[in-house]
Amino acid sequence: MFRILMFLATNIAVMVLISLVFSLFGFQGLLAQNGVDLDLQALLVYSAVIGFSGSIISLLISKFMAKRSMNVHVLEHPENDTERWLLRTVERQAEQANIGMPEVGIFVHASPNAFATGWNKNNALVAVSTGLLENMTQSEVEAVLAHEISHVANGDMVTMTLIQGVLNTFVVFLSRVIGHVVDRVVFKVERGHGPAFWIVSIISQVILGILASMIVMWFSRYREFRADAGGASIAGRNNMIAALKRLKQNQDAPPMPEEMAAFAISAGKVQKLFSSHPPLDKRIEALQKG
């Protein structure tokens with residue numbers, strides 16, 4: 001509940017802050033003097049609705065979509081020792097992290113990987129790949145599970161949604177302002193919106209969206225260090241380091257699907273600025289430094 005309240009409070013605070021900034025600097029008056037009749041408050045509300053709607057809906061259906069896209073087999077009735085061990089381990093770690101028992105699942109994938117998702121820490125899903133179970137020792141798997149449990153306990157899914165929603169709001173808002181200014185000032189359109197508004201708005205939204213995604217990925221990399229530290233506190237630092245080293249040995253395995261990469265423990269080899277995960281060497285180094 002606290003995170004939801006923070007989510008709503010931040011959304012409102014962002015809208016109020018932008019309104020104050022534009023009022024203090026007389027931005028709307030400046031636009032009016034140049035023939036740009038733009039209701040910034042209405043546009044801001046519109047942008048927030050558009051910006052947060054997709055993020056919130058994605059969060060609420062994240063478990064359903066993860067199960068569907070990865071074809072996750074949820075362990076409701078464990079059929080073998082491995083499945084029973086997985087359930088016991090996650091249950092113990094969830095108690096240590098003071099969260100509700102997540103659903104536990106297995107998905108078929110050659111890459112040793114795992115992910116956690118869900119709209120709150122008491123309604124989450126933790127899933128591991130068959131490649132993880134086949135290529136790691138129990139202590140290493142335990143460390144990976146602890147890493148994912150830490151993501152849930154830290155509320156990373158909600159925080160990512162909050163950040164994405166705020167950035168989406170800025171992207172939609174600024175792209176519309178830029179399009180409107182170009183339409184009125186450069187092309188002298190006096191009523192409605194001409195083609196320039198839509199073209200410039202779309203181009204601006206793409207460019208600003210790319211910049212926003214870099215910020216989201218920066219935070220995602222930061223949260224991986226936190227989850228590693230949390231995993232180490234639950235499963236032991238040496239086990240966490242060993243698990244990351246094992247992942248490093250398997251970096252050439254097939255990567256996770258793009259839509260799930262940000263939730264996995266390892267995202268494979270991607271460009272640094274757009275990577276959801278820090279390099280494994282840096283994560284290992286951070287754990288070794290304590």
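A Cβ is built for glycine as well, from the same backbone N, Cα and C atoms used for every other residue.
Swiss-Prot has this to say about the protein:
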type: TRANSMEM; residues: 12-32; note: transmembrane segment
type: TRANSMEM; residues: 42-62; note: transmembrane segment
type: BINDING; residues: HIS147, HIS151, GLU224; note: Zn(2+) binding site
type: ACT_SITE; residues: GLU148; note: active site
type: TRANSMEM; residues: 162-182; note: transmembrane segment
type: TRANSMEM; residues: 197-217; note: transmembrane segment
Folded-back contacts onto the transmembrane segment (197-217), same chain, C-beta under 8 angstroms, at least six residues removed: 160, 163-164, 167-168, 170-172, 174-176, 178-180, 182-183, 189, 273-276
Cβ packing number for HIS147 (Zn(2+) binding site), 10 Å threshold: 28
GLU148 (active site) and GLU224 (Zn(2+) binding site), distance between Cα atoms, whole Å: 10
Cβ-Cβ neighbours of the residue listed as 'active site' (radius 10 Å): 28
